[in-house]
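Undergrad: Quick one: this structure, given as structure tokens, is what I'll be asking you about.
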Amino acid sequence: MSTTAPRAVAERWRELHGEDHWKGLLDPLDADLRRSVIGYGELAQATNDAFIREAWSPHAGACRYSRDRFLEKAQASTQLAGLYEVTAFFYATAGAGGVPAPFMVRNRESNWMGYVAVATDAGVAALGRRDVVVAWRGTVRPMEWLNDLDFTLVSAAGVLGAGGRSPAPRVHRGWLSIYTASDPASKYSKLSAREQISDEIKRLMDKYKDEETSITVVGHSLGAAVATLNAADIVSNGLNQHGACPVTAVAFACPRVGDSGFRKLFDELPGLRLLRVCNSPDVVPKYPPMGYADVGVELPVDTRRSPYLKSPGNQAVWHSLECYMHGVAGAQGKRGGFKLEVDRDVALVNKNVDALKEEYHVPPSWSVQRDKGMVRGADGHWKLMDYEGEESSQDK
């Protein structure tokens with residue numbers, strides 16, 4: 001990843017991808033795994049940074065950047081952009097039932113939900129395989145959804161092919177709706193997010209069928225919940241069919257997705273792994289509180305131990321993905337304390353929140369588009385230019 005020694009990852013990628021459920025790697029946190037998790041976090045963070053959330057924009061709900069410029073423009077590192085290329089965007093309909101309002105910008109019939117990327121040839125050399133990444137976007141306003149969350153569980157048999165299982169797996173209605181809803185009248189959501197992603201994964205698996213491959217699904221907050229469902233679907237329905245292609249989800253601040261039946265199914269699916277990064281004071285991974293079960297392996301962090309952050313902090317800080325990555329960078333496990341083990345800029349934690357101590361002189365919520373997307377033309381008049389269009393320049 002952007003902060004990983006390439007040779008180490010290339011040689012150990014199956015171990016780092018969870019082949020042995022990360023045994024012996026979490027406490028103390030393995031250096032290569034630490035960097036790898038942060039790298040996948042950066043791929044998830046890019047979805048938040050690129051999303052047009054301003055309701056007054058005619059492009060609200062879209063991605064600011066085209067596919068070919070995405071990783072470069074969404075503030076991902078140069079190294080990271082060189083390791084992956086985005087091959088597809090995917091969308092979900094804004095009318096999905098049971099979806100918390102903060103997940104969507106409601107003035108569009110569909111919302112951009114994330115992207116599919118694949119390792120470049122340089123990425124293959126650095127990562128040891130052709131990694132396919134599915135990155136899900138999180139919420140628009142991260143915390144407001146908690147007050148209105150619908151905890152209804154519904155059958156997942158239609159997605160996971162789990163008919164006849166006992167207990168039958170059930171999942172959160174809202175997460176399932178985001179994943180499976182479609183709108184024939186929509187330009188972008190004629191197919192569900194599930195179908196859009198499945199089609200692209202099938203295409204990439206066929207294109208690289210003679211290579212060693214992996215699939216990694218990443219997300220933060222509600223995006224992590226849908227990523228969990230997505231990863232289970234990929235394995236349950238054999239989309240990783242070419243050879244032994246492992247599927248791993250890296251989920252930051254993930255709310256619970258399903259019941260004990262879903263956990264049983266998840267645990268039984270071959271080649272499926274999930275690393276659940278949880279910040280101890282963050283309440284989101286503890287929701288919904290009843291009737292649901294955790295899946296995967298937990299990587300605990302505690303940003304309250306960081307000497308860089310204001311104390312005691314607040315829920316917005318504890319839930320922030322940038323703060324999560326800061327926590328991963330400095331986590332010391334059971335021995336306690338906090339020490340940055342990788343060179344990750346502490347200014348990043350203030351990108352969207354007010355977390356850093358005043359002595360670092362970094363303004364809170366500093367990540368704003370220059371002039372709010374307004375550009376002055378040759379005629380001296382200002383015009384909103386906050387959207388490049390999805391189509392890559394090479395396709396135009």
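Keep in mind that glycine also has a Cβ here, set from the backbone N, Cα and C atoms.
Below are the features I grabbed from Swiss-Prot:
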- Ser221: active site, acyl-ester intermediate (ACT_SITE)
- Ser221: active site, charge relay system (ACT_SITE)
- Asp282: active site, charge relay system (ACT_SITE)
- His319: active site, charge relay system (ACT_SITE)
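Surface or core, plus neighbours and distances: that's what I need for these features.
TA: All protein chains included, Ser221 (active site, acyl-ester intermediate) registers 30 other Cβ atoms within 10 Å of its own Cβ.
According to its DSSP assignment, Ser221 (active site, acyl-ester intermediate) is coil.
Sequence-distant neighbours of Asp282 (active site, charge relay system) (same chain, 6+ apart, CB under 8 A from its CB) are Ala253, Gln315, Trp318, His319.
According to its DSSP assignment, His319 (active site, charge relay system) is helical.
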Undergrad: Within 10 Å of the Cβ of His319 (active site, charge relay system), how many other Cβ atoms can be counted across all chains shown?
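TA: Around His319 (active site, charge relay system), other Cβ atoms within 10 Å: 25.
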Undergrad: What does DSSP call Asp282 (active site, charge relay system) in the simple three-state scheme?
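TA: The residue in question, Asp282 (active site, charge relay system), is coil (DSSP, three-state).
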